[in-house]
Amino acid sequence: MERATQPRPRALLLLFLLLGCAAGISAVARARSLLAPTSDTAFGLGAAAAPTSAARVPAVATAEVTVEDAEALPAASGEQESRATESDDDVELRPRGRSLVIISTLDGRIAALDAENHGKKQWDLDVGSGSLVSSSLSKPEVFGNKMIIPSLDGDLFQWDRDRESMEAVPFTVESLLESSYKFGDDVVLVGGKSLTTYGLSAYSGKLRYICSALGCRRWDSDEMEEEEDILLLQRTQKTVRAVGPRSGSEKWNFSVGHFELRYIPDMETRAGFIESTFKLGGNKEDSKIISDVEEQDVDTVIKVSVADWKVMAFSKKGGRLEWEYQFCTPIASAWLVRDGKVIPISLFDDTSYTANEEVLEDEEDIVEAARGATENSVYLGMYRGQLYLQSSVRVSEKFPTRPKALESVNGESAIIPLPTIKWKPLIHSPSRTPVLVGSDEFDKCLSNDKYSHEEYSNGALSILQYPYDNGYYLPYYKRERNKRSTQITVRFLDSPHYSKNIRKKDPILLLHWWKEIFGTILLCIVATTFIVRRLFHPQPHRQRKESETQCQTESKYDSVSADNSDNSWNDIKHSGYVSRYLTDFEPIQCMGRGGFGVVFEAKNKVDDCNYAIKRIRLPNRELAREKVMREVKALAKLEHPGIVRYFNAWLETPPEKWQEEMDEIWLKDESTDWPLSSPSPMDAPSVKIRQMDPFSTKEQIEVIAPSPERSRSFSVGISCGRTSSSESQFSPLEFSGTDCGDNSDSEDAAHNLQDSCLTDCDMEDGTVDGDDEGHSFELCPSEASPYTRSREGTSSSIVFEDSGCDNASSKEDPRMNRLHNGHHYVNKLTEFKHSSSRSSSEATLSTSPTRPTTLSLDFTRNTVDRLQPSSPKVYLYIQMQLCRKENLKDWMNRRCSMEDREHRVCLHIFLQIAEAVQFLHSKGLMHRDLKPSNIFFTMDDVVKVGDFGLVTAMDQDEEEQTVLTPMPAYATHTGQVGTKLYMSPEQIHGNNYSHKVDIFSLGLILFELLYPFSTQMERVRTLTDVRNLKFPPLFTQKYPQEHMMVQDMLSPSPMERPEATDIIENAVFENLEFPGKTVLRQRSRSLSSSGTKHSRQPSSTFSPLPGN
């Protein structure tokens, strides 16, 4: 018995030893599992997913699988480097686990494929949170030609149909929500960002819990093992909705989301893992590359075709397709779970793997090529009729990620260079038709999708209409980025925390634009040279001959030197003088020259009405100035419907030569409104005033018609005088028609025409000749009709029936007086006529410098007087009522037959003129220069008497006889000037005269109204005969009453002429009824608008002048 019981303690000891060994082995295995290498996991965005985390996976015999990932994070790369230093034994002892390919699709589902079992689907789970993308931004009615396309990672892109380019918007969904709740006056933004975490069984796909802002929900199941590995999915969804603030109706919306994956081994929940291990998906600069040690063992590559919705596995060495899986929904993200690590799969790796070793020397180049393809890819796809974008990591890095992109600080702006993606779409396969092998399932997916390609055509781009096109790759070319860089200015918060996210502007290469740059520089040089030459280097003016005159009012034509042409606008601007005329008025155009000044049309800057501004240069003597001012004050008080209204007057004393320089600048700037019309030197007639008996009182006018020969001329001689004095002979005037060759014999060159254009001169026509082409006007006109000139087309029809130019020069230049007296002047005239063939030249009326025309009067000016310093010039500006350019002279020239002139209308016009003259006489004034060219029409066709340059008081003292530079032998009244053809005999003879001189002029105007002329020669002859009371028989027979009245008005004796009141009450006007006759005499100032808006058309009221 003792022997039998002895071995029992030994058996117990052996049993204890066996149990201890088993426990030791179990502890060692447990310790090994705890010492296995691990790494943290961070979440990525879409295709750019997170780095890996290591965990123990049950050892399963499987082939080596690897994924080329150009977008893995650097942290994981560092881990691989550390692991590469491990011993080979440690590498062999590492446990191998199952390989799963986790796929996230746009419909919100998660699927797992078994990489070792030919891609068989391990599990498929719908978490019930809806699709990842939903938007109404692609509809054309939202943004028109431009639209906003969201990206799955939260970036926004703007598509421009016109430019066919896509640009990144400088803010994300988060910054759009955080910047302001109000997007515009009619849009309010609402929405937010939601984070949801899902816990899944790694290999069964069963949902264990869901955690969100509302709390966590768990599914307890006995089937779930405690040690089963967990896949941690985190879904980020961002939603923005735009609603109307009043109605609450939704205008547009979009929502984008993405999944992030992490692998949790065993039961370790690691409290606080979100703070310690999760990284922002926006950190896109990390990447992971498999170490060289592992690359020696791998032989399979997992690739994702975004366009075909496929996941494929290739043999790395042979490039053979091992397996593929077709999804029915676009793929958003993909991961490979192997050996306890999560490796993101690039969706944009389009590298071809082939067995050809010559193409790429080693496997390292393959990785670099895959990385290059990944960098420059953007995919534009469509899901359920909604466009969306998937961008690679390298392209996404170039997009701004500031959350406060729309906010501003201190009004400062920051410039962000945004990448522009050109519309150069690349289809995903060389052939637009799908490959036959394996395409049946894909066709089935298309047929089952209710959002077919007919629905896709409703999208904004209308590009995905081919049945097998689901999207396009948009390469991001570096050379295009270097050529052009789109810059969008946005405002940022001045925070140093964000300074590291700003990318510097890429260098712009200008070599591609060398032609445009060269052309722009050349154009700038030419334009600058032209402007400088025109403004600062004007052409030198031609100087006027000393013996030459052109209706000059002021002594403006002094010696003109080349230095004057160098004066620029800067000299005038810096002179310090401010003109009231230029301050209060805006000049429009020059309307012409009156008896004493220049008339401008100008617009008042305050009331916006147009007025006629007359500029008169006052005489140098104080007595003369007082007289002119007294006359202006008297005229300003005249208020009558038949008189041009005066509104305002002021004096200006500009610096020396300031006004001349301003006039020259006006000429250059307003050249279209200042053309000159003149007879051609070949066609210009000559007007010869022959020397007659100085004691003869008979007026003689001889008209010689121009001959067709080259040198043709006609002469008009007007000789008049007084029996009491031989010094009163009328000034002779001679014009000679010569060619341009005769002009070369002249001693002096012709003066610049432009310089004379703004001279205050005494011309017979005070208005611009409206019938001449280009609104031209005459510098030294006659009574020749502008209508006739335009009708005949030549200047040979111009007739100078008076010597207005002579008088104009005489009345304005006192130095001429010494040369106009007695026989001295007759002797000078004789010498002039003997040498006329040598020294005569044509009037400078043409703008052509090669055919000058000069008005030759052999009046020598004293050089000493010319060099004497002149006193400051004083100008009187008078603001008057603006009338039409057409005066009574133009009105009659357009009606050359009696049928064209209605008798009633002519009498109506004359009656209005007579009433205006009667009003003047009642105020103790006389006009002294009544003629058709001084009778105007307002915009509403009311007759107005104007041009009161020669108006004077009827009781003027004799000592004031020369205050306005009278002619040499005339001893009464201002200047003794006026148009000779309409002057009374006492004016021409230089005798004392009264207001009856206006009655004489009225008689000639009435005769000319009732008796039209076909030619100007006929007009000159007939009016000359009528002045001597020789009336045409037709006029006597047809108008007997008018004949008697005209005969009385033209009586040689002023005492026998009727008063203006008697004329108005004549029986001729009592037998006829005029439209508005009674209204005319009671017409107030309001019936004729004082100022008129800028309009050249007559009013629509009743016009007493038919055919105007």
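Note that Cβ sites are derived from N, Cα and C of the backbone, with glycine treated the same way.
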Which candidate, of N253, N992, Swiss-Prot gives the annotation N-linked glycosylation site: N253
From recorded positions N253, M591, G597, the one whose Cα lies nearest Y611 (phosphotyrosine): M591
Residue with minimal Cβ packing [other Cβ atoms within 10 Å] among the recorded positions N253, M591, G597, V599, Y611: N253
Stretch-averaged pLDDT - the topological domain 'Lumenal' (28-506): 61
Residue pair N253 (N-linked glycosylation site), G597 (ATP binding site) - Cα distance, angstrom, rounded: 74
